[in-house]
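Student: Grabbed the feature section from Swiss-Prot, which reads as follows:
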DISULFID  C8-C23  disulfide bond
DISULFID  C11-C19  disulfide bond
Amino acid sequence: LDVKKIICVACKIKPNPACKKICPK
């Protein structure tokens, strides 16, 4: 289970500040 990847995908749908720290732009 790749949590970071899941967060990144969710961020593409609904961006949030936490995503910028975890995922590349």
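Backbone N, Cα and C define each Cβ position, glycine as well.
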Student: Return the count of C-beta atoms lying within 10 angstroms of the C-beta of C11 (disulfide bond), excluding that atom itself.
Tutor: 16
Student: By a simple count of other Cβ atoms within 10 Å, which of C8, C19, the disulfide-bonded residues in the record, is least packed?
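Tutor: Candidates: the disulfide-bonded residues C8, C19. Fewest Cβ atoms within 10 Å: C8.
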Student: Helix, strand or coil: which one is C23 (disulfide bond) in, per DSSP?
Tutor: coil
Student: Please report the number of other Cβ atoms within 10 Å of the Cβ of C23 (disulfide bond).
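Tutor: The answer is 16 other Cβ atoms.
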Student: List the Cα distance (Å, whole number) between C19 (disulfide bond) and C8 (disulfide bond).
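Tutor: If we compare the Cα positions of C19 (disulfide bond) and C8 (disulfide bond), the gap is 6 Å.
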